[in-house]
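Data block below; observations after.
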Amino acid sequence: MNPFESLPDAARPAQGTRPNRSDGPPPLPPLTIPGSTGRPQNPIFSPPPNLHHILPPGYLPQQQQQQQQQQQQQQQRSQQPFFSPPPPDAMSPPLGSHQAYLNSTSSQPTQRLPGISFQEPQRMPVQRSGPSRDSVKSYGDDKRSINDPNSSSTALTQVNSLDPESGFSAHNDTFRRKKSLVRPDRERMDPSHRQWYYRNHAAHMDVMAASGGRVGYMPSTTGHLPQHGAAPHGSGMAGIVGPGGGLSGLGVTGPTNVPPGGLGRAPPLRRGKSLLGRDEDQVETGINVLKRGVSLRRKQSKSGNKPSKEVPRDLGESKTSRIAPGPVGGWMIYCYILTICCPGPFLRIFGIRTPEQQRAWREKMGLIGIITLIMAAVGFLTFGFTQTVCGQQPDRYTLGTIDVGSMTFNGYDYSFDGFIHPQVGPFGADTIYNRTNPIYSEPWSSGGQDGSLLFQKIGAACTGIISNRAGGAQPERYFDCTLVRQDGKGGYANSTMPMCHTGSIVDQFNDGAQPRNSVLKKRGQVSLQWNNVTDPARNLAVYRGSVLDLNRLNNLTTGLSYPELYDTLKRRNDSWAGRDVTSAVMRQRLEREFQCLEQITRVGFIDSETIGCVASKVELYLSLVFIIGVVAIKFFMAVMFGWFISWRLGNYANETYEQRMKRAAEIEQWSDDIYRPAPAGYRPNARKHKSFLPAKSRFSVADPLSLKSGSRAPMPLSEKRMTRASRLGVASPLGGSPPGSPSVAGGRSSASLAPAHSRRSSFSGSPAEGAMGVCPFPLHNTIPQPGPDYRPFGFQLAHSICLVTAYSESFEGLRTTLDSLATTDYPNSHKLLLVIADGIVKGAGSDISTPDICLSMMKDLVIPAEEVEGNSYVAIADGYKRHNMCKIYAGFYDYDDETVERSKQQRVPMILVAKCGTPLEADSAKPGNRGKRDSQVLLMAFMQKVMFDERMTAFEYEFFNSIWRVTGVSPDNYEIVLCVDADTKVFPDSLSRMVACMVEDPEIMGLCGETKIANKSETWVTMIQVFEYYISHHQTKAFEACFGGVTCLPGCFSAYRIKAPKGPHGYWVPILANPDIVEHYSENVVDTLHKKNLLLLGEDRYLTTLMLKTFPKRKMMFVPQAVCKTIVPDTFRILLSQRRRWINSTVHNLFELVMVNDLCGTFCFSMRFVVFMELTGTLVLPAAIAFTLYVVVQAFLPNVPTPTIPLILLALILGLPGILIVVTSRKIAYVGWMLIYLLSLPIWNFVLPLYAYWHMDDFSWGATRVVQGENKKDNHGDADGKFDPSHIVMKRWAEFERERRWKSGTHSRDSTYDVVQRTGSPERAGSTRYSVVSSDTFHSSPFGQHDQFGRALPNAMSSSSASQFGPDVSEVSHSKSPSGARARLDAVPLLELPAPLATDAKHRSGASPTGTVVVPRPRATSPAPLPHNSGHPALGSVSAFSPTQHSAGRLPTLPGAATYEAYPHTDAADEERRPMIGSTSSSPDPEPRRYIGPDAGVRHGNVSTEQRYPTVSESAYPMQAYTAEPETDGSASPTPAQQGFNAANSNQQTRPLTRGFSLVDDGPVASAQGVRQVQRGARRSQMPNSAASPPPANRTGNLPPGAAPPSFD
């Protein structure tokens, strides 16, 4: 952010309007300014009656002239290539720009390359997919029929689209195919959309740009009460209304009484989300209206329609529930039902007293219930599912393998071991076979044979099927009683010895039952394979699972009657034999016949499985496939990452393999001890001057004011770097990444002091303009910024912030971390140490607080420490703790000679932000402590407000100035932030490698390095963590990095991209400073268990989750070449506390990631599925380790089947990491660490997860950070008291700066030194914060005496000088009035009242400029050439006859031509006395100073004080009651010179209206009674003879309420 330019509202194109192709769509209808009631009189473009802004230059009222001008422009465009930059005349030049000046003097201005900038880039034709915002806005305002071919609705469908990222429209025949059928522009935009807040920002600025300024500016759309939209309800676009009253993508507000959050579709605003507004009917900020345009909060009018029901001021306390505080939905009802047996009074007995604690406990029990259910489900799938669906399968014995100790009967195998035949028949007591076993006795030897024919069952299923031919009763038997061998052939048969059995024993054998009162044992079924059934030597068939031996039908006894089918079956028939005949039997209705066959011919059962058993096997193998697949893919992808990708990331030095191995060995040695310094070769030496004379560097600028035109040539195109961005076609056309800030043609925002074309850098002055602009504070001893060609590592540098969050660390820990960051090899000109001390706390055993420790490590403070005051900001807390205060100390890092040798002590800028708390918490144990997340949001929100120019607190204003004063770089130049914990030591080249990755690939939005353990062998607790750290990086993160989706960037060592370049036209996309990320990450209403675990314990991982959710197509990477070391817990108690926080936050963050639909991949082959498996695996860790131990123990038990598959799976899971170590790092020592880790698996997978789940409602940091006097019962984030926003004032940077300068006396209260330029162009043109007075604010007069600050002393100008320069010169000098007050510049007008407050508001409401302050021309009322010896009073230029006019870099003055210079020439002594000031005039047109023609207005920088409006005359602006005339003596008459001059020009035409400049956005503050958006009115134009119109004598009578009169003492 340029401290002298108005910050951009978004990364919007700035200059000119969007040119159309010659064959493009017809011109769209004009945009009616929201809130205006007038309609266009001209169908093409005509001003509404109540249009509160000045029409843009070149506006013609006649339609024919408009059409003629458009046709000329289209003919010029048709001669250009489509992708070529538009000609200067193809766009409406911004007011006050150099292009407008050229258009006024020359019909063919010199074409040049446009300046590329983040803030206000030269606008190329925007390439969109679908309708542009302008077309949509025109559609909203168009009242014509949809069928009208000239209506804007038709234009909506004809918008040309050429966005290669979003696909191409159908009529773009230059492309053969569309990239994607997904149309992001057709998404439903509601508050749940991942880019809801960011798109509202963009839409908000579109409305403001189209309205020529900040019409109806609302408070921040990402702050404490998001107000989505800028235009009032009913402005013509209200027909397309989205959630919250806002138009999806356009940001139109709804009715003022609609609750914020979106028409009931979003959760209502709860406690803590109230707007930082003021009381009703009071001014929004504390300064008076003379120093800012204000929006007054007015009550809703009682006339007209009856007002609707008001919104409660605090929606969070309007409703409460008996179940629990906070939101109550299905989840909370489930938790309450689950714990209904534990009412509140019962919980209070056990110390759970507050309703918030009881809610957290109930939610914890609900989660434990779900976790238990999931573990039970996993156990059921592992062990119980097979038993349930498959059951206990009977034992089966394959036919042909039955031993001699058993016999088969009707398909069942019976054991005859120990069987003694009863004493009947041949086995009688008096026979030789008494008490023998027939299976072993001759002649039977029936062992292994089929004895079914010995126990034939007569009747039953065969009744009526087989009968005697002669009739009568059932036959005695069907077959002869013989034995049958297993191959189906006959066995022993003796007709003389009866072998048939009758009685009950027959039924028992036929049914396969266990014989009663017998030693026979049923073993199981006899099974046959399908190859046995299809054997052509046998006649077998299968019916309902039973195998039938059809050959036995040949042995049927004679005299039996049976169906003819049996005659067919007893001979082998391919239609029946060898097949499953079940279906054929059912079709032919032969069930009875085959049931009889099953009774008499069954020999066994087909070897098959039930459907349940099949399902169990499918489940088993699918699980194996997924588990083994994921494990194997992770392993191979990690190997691929280690072999082919990891060494390329950040390898800017193109190291060889030997160099990489040497560096890895040095890092391993360095990581053994936390205090061991890195090898000296990696740490750069500090530069020392060898002479007492100052040495000038070609990169440094000792005095920014000494730069002259042509001091630096533009960077040659041959210096362009070939990055991934340029290869993809998104690089800057001038080379490198799109520049955003630094003032280098084609440079990044990193090259900050190199002057060129950019318009967003704080040092963005053009060398052509001769000097830098003015800075708000003098700069002393800042580190010079190198030029764009300075590439020490082969890539363009990017400004980076090294953020260190400190809480209760020791002195040694902080010194170690800051030493490592300060001695990194990254240039000090592009890095800033930022230490945020989270409260005034003392660590256990420490005598001084953490902020004091940090302050003791600083030197050369910009402001002495004793003079630093605390400033308020809105903290991330609840209750009164939302108000917090900070002290900002800016200086340089102070080394300790005992830790860093002098030769390595570089000069590094450092800022300390110490949270000191409010006076209410001065006596607490931790005043100012708000948590690490608050420290991160403090920086993120600040960067967002800087990028979007939103209202900021006093702390953020001081933070902005501190960064500027200590670095000389504006905060918006910073692109990367490195987050480091205060107990971490960074390897010297780690920052350079991280920045190299982000510069090379703009799609990377975050990355982390490898964290090594410095105390590996201290205790057994540290030893078990070594391999766990290693494998989490080189396997888990390496696998995720292959897809660019690392799900956890550790907070101890990670880098994030603040903003990313977008396209070749200088646009920037906020990443870390994105409104959606800041809005969700700064959630202060943490009232559910899920939110508390996300935001209070796992804030680092949640930030990664938010970035992946918001930007799922961007990359999160792991860079193993960037290394740090840290101290891990060395006692089990601390480890238990740490892992409790990590495990619980992991569970809740993985749940958030599972809900992201846009992660790469599809279904099972997606990162979302991998995340789901990780979430399930984390929840069932205790059950998994229990099952693992069960499988291992079972494998060693005898007589138990060995679980082969689970053992193989276990070996793969545990063994592959060891193989990974060997094949990637070749660090054999880690194999030993792996064995130690395997022995500690019960601790990692059972003890720690169970402890974490049971303490999920504990939100304290436990033993990890011990603070003196801390109450262990206090949970982090508890609400206490009520937040009072009246102590916090929020203003825009320009308002703070204006107030500071007024109070300090640097400028008069009405100075437009920091005025903000506004234009009426639909696309905001030009830069924003330009000075319209002389940039040399301390040298208003070119002659005379000056004080020590460079200010002109009273009466310093001699009369001769005054007469030489004409009557106007005396008006410019900063002389003092008799009362001692400094007189203000005559050429600088006063601010005026807002339009609705002025007495003549109704007369000028039709065409007055909205919120403008006019910069008048010189006293001459004619555009005739000025006298050659007169200078512009507002610029304080030197006379044409100045003795210094022919100095270096200055052009001679021709007669009749007025000249100017941005900075008057001064000698060296003046420059030394004068405070160093940096640039602010980031001009898009860096041409050298030239002669100004007689018809041109005087131009300063790129702000022209004259613009012509052919259709607007001064007569349209009547006299005003409150004027803004320069201060003159009302009784004084015009001097003779004036009279003569006015008389000479009395016949000249009336001077065109001077263009005004809007100071600030002044938007209303939301209230329960609605908001009436107040617009600032315009001052009237000056009359032809301004000298004849003195201002009223009473200068205070017309001041608005609350405004302080000017001081005259």
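Cβ coordinates come from backbone N, Cα and C, glycine included.
Per Swiss-Prot, the annotated N-linked glycosylation site among residues Asn172, Asn573, Asn1144 corresponds to Asn1144.
Residue annotated by Swiss-Prot as N-linked glycosylation site (from the set Asn103, Asn494, Asn654): Asn654. Among the candidates Asn434, Asn532, Asn555, Asn1015, the residue that Swiss-Prot annotates as N-linked glycosylation site is Asn1015. The membrane topology recorded in Swiss-Prot splits Arg194 and Ser1225 across the two sides. Counted within 10 Å of its Cβ, the other Cβ atoms near Asn1015 (N-linked glycosylation site) come to 20, all protein chains included. With a cut-off of 8 Å between CB atoms and residues at least 6 apart in sequence, the same chain places Asn1093, Leu1097, Gly1098, Ala1252, Tyr1253, Met1256 near Asn1144 (N-linked glycosylation site), listed in sequence order.
Note: the Cα of Asn654 (N-linked glycosylation site) and the Cα of Asn1015 (N-linked glycosylation site) are spaced 32 Å from each other.
If you count C-beta pairs under 8 angstroms between the transmembrane segment (1177-1197) and each of 365-385, 625-645, 1203-1223, the highest count goes to 365-385.
Note on the topological domain 'Cytoplasmic' (1198-1202): its mean pLDDT in the predicted model is 82. Here the listed stretches are 327-347, 365-385, 1203-1223, and the one with the most C-beta pairs under 8 angstroms to the transmembrane segment (625-645) is 1203-1223. Helix, strand and coil content of the topological domain 'Extracellular' (1224-1227), in residues and according to DSSP, is 2 helix, 0 strand, 2 coil. Taken residue by residue, the topological domain 'Extracellular' (348-364) breaks down under DSSP into 12 helix, 0 strand, 5 coil.
Within 10 Å of the C-beta atom of Asn654 (N-linked glycosylation site) sit 8 other C-beta atoms, taking all shown protein chains into account. Within the chain, the topological domain 'Extracellular' (348-364) has long-range Cβ neighbours (under 8 A, six or more residues past its boundaries) at 324-326, 331-332, 335-336, 338-339, 1087-1090, 1092, 1256-1257, 1259, 1275, 1278-1279.
Long-range Cβ contacts of the transmembrane segment (1203-1223) within its own chain (Cβ-Cβ under 8 Å, at least 6 residues beyond either end) map to 620, 624, 627-628, 631-632, 635, 638-639, 642, 1027, 1030-1031, 1034-1035, 1188, 1191-1192, 1194-1195, 1230-1231, 1234, 1238. Under 8 Å from some Cβ of the topological domain 'Extracellular' (1224-1227) lie the Cβ atoms of residues 638-639, 642-643, 664, 668, 1034, all in the same chain and six or more residues away from its ends. Per DSSP, the secondary structure of the topological domain 'Cytoplasmic' (1198-1202) breaks down as 0 helix, 0 strand, 5 coil.
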